[in-house]
Amino acid sequence: MTQQHDEGTVERHLGRAIAVHDVTHEYISDAGPVVALEGINVEIPGGEFTVLLGPSGCGKSTLLELIAGLRIPTSGILTIGDARIVGPSRHRGLVFQQSSSLLPWLSVEDNVALGLRINGMPKDERKKRIAEELERVHLSDFAQHRVTELSGGMQQRCQIARALAVDPEVLLLDEPFGALDALTRESLQAEIRRIWQETGRTFVFVTHSVEEAVLLGSRVLVMSPRPGRVIHDQELPFAHAREPITEVRADPTFVNQCHELRAMIGAH
Amino acid sequence: MTPPLQTTQATDGRAPSWVSARQRGQEAPKGSIPSWFYPVAATGTVVGLWWALTAVGIWSELILPSPSQVWHAFVQSVTEHDGRPGLSGYYLWEHLWASLWRIVRGVAWALVVGAPLGLALGLWRPFERFAGPIVSFLRSLPPLGYFSLLIIWFGIDDTSKVWLLFLAAFAPISLSVAAGVASTRIERINASLVLGANNAQVVRYVVLPSVVPDLITGLRVAVGFAWTTIVAAETSNGIPGIGGLAWATKKELRSDVAILCVIVIGITAVLLDYGIRQFEKKYAGWYGRW
């Protein structure tokens, strides 16, 4: 467990690039070995909002977990800056699809405090950080609530606050809005776009929704299943937009872009 | 085209009667039968039948004493008579407390030893493979099976009884805690890892709190098991003790005292279980909701 923090000792500057070199990942299922990812070569530049888009089973979540360091690839290497990723680190935060990743025995603020406690932040400083993060995700009024008492959307806000509290260089989001209803989802999309614009961090966002990808990403990597591969890589124009999400959605360029991407996924 | 509606099921929002109002998220309807009615009615029915049977007089009072005789035995058990306190030389509460105090000591030791052992079983796979079968073996033994051995080792006084309860109680606690460790949600462990937690911090911040509900469940099983065990174990040198008192009645044919003991033992078991469930609600209320 000691070597996993090596990359943290490298002098930290915002926005180091993440590189994936020749990564193949297999796991063992009941039916035998499954190739989740094959021959992945990707460069994720610092400060970008990169979306991994693809149908279920294309290995996009596996790729995210590899970047998080929660899995070690069967072959190939992953790097951040010039450090190799050998395990999880607080510099790469993760927002899970399941809000059950929150600790149900703790209040909202204690959940947000988790990473700060782990990293030994003194209490006064911690209080200030928690207040800031709760403010950022509009949960200040719910600081004392149990996380089990929150709605699904609020639970995901709480997860985002918890991940951002330790000030990670990269924020990885694994279908964070996948389980939410359409209206809640839209409001959280607006939130995450604002947070990315405010913080300028490297975001890597997994989704199977073409609209979500085009709406949020400054770049999209399209993946296809069995075995998981990256089949397309392009820049997207709407990540820096300031107008409300509903307006972006109504923009003809947006509609066209979604249409093109969808056609391409269908062709595969 | 929309498929035709299934018309065999009621669709007007009426749930089947076994779905409780609480499950449906409703208040119990007003004017309905209050919840205390049923247990009171059940007790009334049993006592009524009992009273009727004795009133008819099919069996002699020695075989089936009447409710009033048992009440008389109860009064005897809490008062001094013929210059001697209670029954068999002790008041009823002294008998009950003697049994409970054995339970408290046995289960306390079981917690002190069993909970860390369970953690070790859950956290360390080779140890689980090594010690797991031993714990499972101990758990499967009826405690009275090894009671003789404990008496030979520790004598007929309380020490052997506390040992017995300890051995009976620690296995369920250990196995429950080990199962709790194994079922810790992986996404919670991962969440702490990506926040920078080391192994010790994962255990401290995620595994230990996750295990609390399992620990309490194990404790509940252990206390129930210990209670049935102690009552039986008090058959040898168990005075004072509620089991010892129940056992002693056979010599004097005091079936009224025997029934009194059964009632006291049963009520105590129910209250112990209720107490632990309240504790569970307070400290593991989140469990099952997620």
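The backbone N, Cα and C atoms fix where each Cβ goes, and this holds for glycine too.
Taken from TrEMBL, the feature region 'Disordered' covers B:1-30.
Annotation source TrEMBL lists compositional bias 'Polar residues' at B:1-11.
Look at TrEMBL and you will find B:36-59 (among others) tagged as transmembrane segment. Counting same-chain residues at least six beyond the ends of the transmembrane segment (B:36-59), those with a Cβ under 8 angstroms from any Cβ of the stretch are 65-67.
Here TrEMBL flags B:96-276 as domain 'ABC transmembrane type-1'.
Per TrEMBL, the feature transmembrane segment maps to B:103-124 (among others).
The transmembrane segment annotation in TrEMBL covers B:136-156 (among others).
Residues or ranges marked as transmembrane segment by TrEMBL: B:162-182 (among others).
Per TrEMBL, the feature transmembrane segment maps to B:257-276 (among others).
Residues of the same chain lying 6 or more positions beyond the ends of the transmembrane segment (B:136-156) and with a Cβ under 8 Å from any Cβ of it are 163-165, 167-168, 170-172, 175, 225, 229, 232-233, 236-237. Long-range contacts of the transmembrane segment (B:257-276) within its own chain (CB-CB distance under 8 A, at least 6 residues past either end) are made by residues 65, 70, 73-74, 77, 87, 92, 96, 100, 216, 219-220, 223-224, 227-228, 231, 242-243, 245-246, 249-250.
Sequence-distant contacts of the transmembrane segment (B:162-182) (same chain, six or more residues past either end, CB-CB distance under 8 Å): 102-103, 105-107, 109-111, 113-115, 117-119, 121-123, 128, 132, 135-136, 138-139, 143, 146-147, 150, 153-154, 207, 210-211, 213-215, 217-219, 221-223, 225-226, 229-230, 233.
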